[in-house]
Structures are given as C-alpha cells and as structure tokens.
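J.: Dropping a structure here in structure tokens format, bear with me for questions.
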Amino acid sequence: MADAWEEIRRLAADFQRAQFAESTQRLSERNCIEIVNKLISQKQLEVVHTLDGKEYITPAQISKEMRDELHVRGGRVNIVDLQQVINVDLTHIESRVSDIIKSEKHVQMVLGQLIDENYLDQLSEEVNDKLQESGQVTVSELCKAYDLPGDFLTQALTQRLGRIINGHLDLDNRGVIFTEAFVARHKARIRGLFSAITRPTPVNSLVSKYGFQEQLLYSVLEDLVSTGRLRGTVVGGRQDKAVFVPDIYSRTQSTWVDSFFRQNGYLEFDALSRLGIPDAVNYIKKRYKNTQLLFLKATCVGQGLVDQVEASVEEAISSGTWVDISPLLPSSLSVEDAAMLLQQVMRPFGKLASAIVFSDTVVVSEKFITDCTGLFSERMHQKAEKEMKNNPVHLITEEDLKQISILESVNTSKKDKKDERRKKATEGSGSVRGGGGGNAREYKIKKTKKKGRKDEDSDDESQSSHGGKKKPDITFMFQDEIEDCLRKHIQDAPEEFISELAEYLIKPLNKMYLEVVRSVFMSSTSASGTGRKRTIKDLQEEVSNLYNNIRLFEKGMKYFADDTQTALTKHLLKTVCTDITNLMFNFLASDFLMAVEEPAAITSDIRKKILSKLTEETKVALTKLHNSLNEKSIEDFLSCLDSATEACDIMVKKGDKKRERQILFQHRQALCEQLKVTEDPALILHLTAVLLFQLSTHSMLHAPGRCVPQIIAFLHSKIPEDQHTLLVKYQGLVVKQLVSQNKKTGQGEDPSSDELDKEQHDVTNATRKELQELSLSIKDLVLKSRKSSVTEE
C-alpha cells in the first residue's frame, strides 16, 4: 500500500514540473541529417558515418579509440578487429593507421597488425624465459608460436639481446639464440666426444646420435680444431659427407701405407679407400711426390716392380723364348692393370722389340713363334703329299694357280680355249678306269667337320656355285689340332696363351702349307705328267665304248615292266653314266692341273668345282650333263652327252651291228670269267641271271642286286622248266641265308637267345651246305650252254 502511494506522489510531481516548464524549438531527425550533409559537403565539418548509419564519428575519435583498443589488447591488435569494434569502414581504419605510425614511433604495422614496443618487450621477456629454461630457442619456432615473420622477429629480438634477453645469437646461423651455459655445455660434450674418436667418423652421424645442434657443432668443432684443442681435421667442410679424421688415425694410416708400399712395391686404390682415404690418387701423389710411380686403373706400381717386369721381358726377347708376367706381379693386380703395366714396359723397346703380347700378360719373341711354326714343317710335307694323292682338286684353286710362276706362260695365252685344250689333250690327259663298265662300283666321300674349325678356314661350296669369290680351300690344321701339338712342346703354359698362339699361327701355317702344296703339286706334276696324261685318242676310244655300252644296256631294259625299268635306269645313271661323265670332267680338269689318278673318285661336289672354272660355252653343256645324272631318262642323258662331247671336241664312234656283236661277246666273256672264280652265292645268282638273260635275248643288261628276282621271273618263259626251277630254288636258299645273317647280326650277345642261336646255326649250316652243292649246277647253266652255243662274234 505504501508503495502505491509513493508511485502516486512521483507522478504528481512530474505533472507539476511539466506545467511550469518553458517550451523550446526542436529539429526533426531529417532536418538534422540534411544540415550535417550540407556542412560535410562544404568541408566545414569532418565526420565519418558508422557502418549502421546511426552515428557520426570524427577521425580524431577513431584514432583515440584505436589507441585505446591497442592498449587494452596488450600492444598488438589486428586492424580487422578494430574495424569491428569501432564500427566504421576498413578504409578509414587503414588511413588512421598510417597517421598513428607517423606520429608514434613506437607503433609499427606488421602483417595487418598494429604492434607497439610494449608488446615486443613482453614477447622478449617470454622468449627469455624459454631460453633460460631450454638453453636455446630458434626463430623458426618463435615464428610459429607468435605468428610473426622471421626477419621482423630476429630484428626485434636482436635489439633486446643483453637487455631483456640473456643470451646471444649464433653468428653462423642467425636463426638460433643460445645461452652461454648452453654453449659451454655443448662445447664440453663436443670436446669430450671428439677427443675419444680414434678413427674417421662422419660428423652427420654424431649429430643425429647425440642430438647436437648442427651449426653449433660445426662452429665449436672448427674452433676446437683451429685452437689445437682437438688433434684432427674435418674433411669435406660443412656438408653431409663431412668426416672427422683424428691425427692418431692419420699417423697410423700413413705408417701402414708407407710400410705396405715399401714391402710390396705397389698400392691398391680400393685398399686406401677402405682405410678412409677418399681420394687415393691425390693422396698418393701428395705423399710420394718425389717418387717415380706408375698409375694404373686400380693400382699404383713402384719403379722396382716395373724394372723387374722389364728385365724379364728383355731376357725373353733376347733369348728367343716367352715369359708370363703374371707370376711376377701381385695376385691382387687385375688382368687389365697387368696389361697396362706390360704396355708401359714394352713402350721403351719401340719398333726394335721383335715380340708379340698374348693373353694380355704373355710376351712371346718372334724367334719363338718361328720355332713353333718349324714344329709343323715335316707334318706339312707329309700331309701335302697325302692330300695330293687322294684329291688334288681340294688343294689347288684357280687363285692359287695364278700365283704359281711355272704357269705364267700358260696364263698369257688365252686366245682360244678349245685349241689350247686340244693341244694339251694330244700331250696326255688324266688316266681313267678301264673296262666296259659292266659292274662299275659307286664311291662316296664322307666329309668330316672339326669342332675347332674357324670361319676363315671353311669353304662354302655354294659360294662357288653362285660365282662369288672365296678364299683358297686349303687348311693345314684346325685350331684344336695346333693346340694339341703346342701343348706337347710348350711346358707349363697357360691354356689361354696356348689357344691364342694357336689362333695366331693358323694363317701363317696355312700360308706355308699352301707353298708346300704348290711345291709338291708342281714336282708331282712334272715327275709323273707323262704317265698320268692320256691322249685324246685314248679318251675318245673309252668314251665311245661306254657310250655304246649304255645304248645296249638301254635296249636290254625295255624287256621289263615300267617299275623295273625305272630301277634299272637309276642304276645305270649312277654307275656307267657317272663313269663317262667323270671321264670328261677329268679331261677338262687337266687344263687347270686338277686331274685325278682315278676318275671314279670324282664326286658331285668336285664336278661343281670344275664347272666353276670352265668357259661359259663349255660350262652350259657340261652343267646339263651333270644335272642329267639326277634325272630318270637315259635318252635325256645321251642327248646331253652328245652336246657335251661336241662342246669338248670329243668325237664319239657310234656302234654298228658288227661292233655291237663284239661288245656283247666281250661283255659275256667278262661276266663268265667272273662267274668262274666267285664263290659268293648271291653274286653267283646275280651273274647267272644276267648271263641267262643275255643268252636268251641277245641283249646286255646292267642290273643291281635288288632286280635279280625280276630277271628270274622274266626267264621263266625263256629257259627250260628244270633250269628255271633250279634257279628259283637257288634264289630261295640265297634269300634264306641273307635273312639268317641279318638275324644273327641283330641279336648281338643276348644270353637268353642261346637256344635260338643253336637252332639258327644248324639251319645256316644246312643252307650253306645246300648252296655249295647247287652252286656248280647253277654255274653250269651258263658255262655249259656257252660251250655248246654258237659263237656270237
């Protein structure tokens, strides 16, 4: 109730004051705004709108409020925060900041912040507290803690060192502040640690292991080394690879190097590197600058070792022997260094040194090499004479003949090849195998290949067929053979040296062998030329005989079926036709001194080699003749033979009836004489069948053994039944004997087949006995009929 009366009395008093108050004039808010804007536009009033537009504030008031806010915030305030507090546009704040900085020297602008000296003093006090606590502080850590730039902070702290901050700045690294106690403590640790080191130690490893400040460590270490407190050197400067080398280690190191060099006469760069010497070459040059040394790739050699090698080389050259310098050198020297050393030793000899280096370390005198070639002299003559007899076609090539002085007169006259060949043929040509060729044999020459054969020693005959130039196909010995011979005469020689020496000797030995072959060939040619050569008349007679034989053999083949004719044709081409071809090739080979004693020894490869030396006109005809031997037609062969004889100026006498009868008689006589003396059942059957064929058909037949059954089958209607039955029975026994022999060969020495062997033996004996009983009867089929028959001549 009392409160209500109190409120009534207060309202009555306010009413009374209002009755007695004087009335005044008031401007509206709009009029006030217009008046202020007019004053601002006339520059009679300088005020700034607040951001909400409700107040005006003067620049002086802005500056005052900024100073107040800076003081309130401890001397550091961001201008963005000032703009929010004062509530004016940021441009007005920035314009007043520049005025404050100009008027007040203790205030500065850093990264959009106002900072005064009071704040920096306070910051320095905090830094000093941290410094005294830890002994060191880094500017980088302070930058992160106080969000200030490093240069500004370094400058501010430097000004307060000794005044507020009790410490000093590292001169080498201005980003660290130390206390004297910290430096002294670390200096003592560094001094103690490095005093205990006795071998080269990387400084960087100590920094990480013991937690040293890197720049402080290098500064203290250099100071201790320069003052002599630490005995040693820092190699590598202030880098990650810096190494502290104590003097005691350097002295021990130098003592070891001197001792090793004095005892061994050389130094290994790797060994010095393992001792902790990074640049071994420069170390050696500095330490032994007055000593004569030879620097190799991985070692350094003293003059004593060089003189020892030089003396051994000189002795080997003067005595005509060889020397391997490897045993004279330390085992640790590489082959490359040994080769470089030997090269330096050989240099003073210059062109006067008649020696060759093998395997990088073996010095061989020219006299020793000459002696080695002399080891093969006798073998050269033996091989040349042997090869000369066997196959001279492989020994002398066309290029070799150009170098033989005795043939120069022949090479100068090349006007007419046919005339020249005819002239030589009248003097004589190579002898050939005589006879009618009825049972000519086949010859095969097997080629062997040596494992040590070199490319330059091989003769690819395909090159000659393509007309390409090639090296002489003359090889004395292959490398492995030469090595075997050298091992017998050179004792205790390294295998590599033997191999290289053999390879080196191949060419000179082949060259010497070529000269020996020429000498043997020419002497053999001159000594036996008269006996070896045959006249053109003898050749024409022999070619004519073989030609007529082929014609008669072809006539006899026509009695058989086509498949049998094919087999007979192949056999005839392989034997008699090949013989007549070889006769002609051997005759042409005499132009090149390539004729052989026995034309039957000429193979297809030798014919190709002879073809490569013929003139184009002769070569075409002889090539067709050579190729026709691989065909299946006797007519084609005879056609090619006619062309070949015409190209070679060989006249062939074609046979007439009388001549054919003579050939038939002579052929039968030769077969009968062979039948009389032979005891081989298979050959008896073969000869009897061929003779019965000739007696019944009056035609010659040249047949292989596999065609005998067909001949016997043909004779079934040509001879009496009893004779044919006897012939068939004898054929069965021959086949049985051959089968038995093949079984015995295939079984070998199998113990489980003893019983079978016994039975087989009994059967074989019975067969052989029966064949012996019938052989005479089989021979009589021909020999008795020959006595009773009419003479064919």
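Backbone N, Cα and C atoms are what each Cβ position is placed from, and that goes for glycine too.
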J.: Pick from Ser413, Ser429, Ser752, Ser789: which does Swiss-Prot describe as phosphoserine?
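T.: Per Swiss-Prot, the residue annotated as phosphoserine is Ser752.
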J.: Which residue from Arg422, Arg433, Arg659 is recorded in Swiss-Prot as omega-N-methylarginine?
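T.: Record lookup, Swiss-Prot, feature omega-N-methylarginine, residue Arg433.
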J.: Look through Ser431, Ser528, Ser753 and state which residue has the annotation phosphoserine in Swiss-Prot.
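T.: Record says Ser753.
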J.: Which candidate in Ser458, Ser464 appears in Swiss-Prot with the annotation phosphoserine?
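T.: With Swiss-Prot as the source, phosphoserine is noted for Ser458.
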J.: For the region 'Involved in CDK5RAP3-binding' (121-250), what's the model's average pLDDT?
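T.: On average, pLDDT over the region 'Involved in CDK5RAP3-binding' (121-250) sits at 81.
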J.: Cβ distance under 8 Å to Ala2 (N-acetylalanine), same chain, sequence separation 6 or more: which residues?
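T.: Listed in sequence order: nothing, so none.
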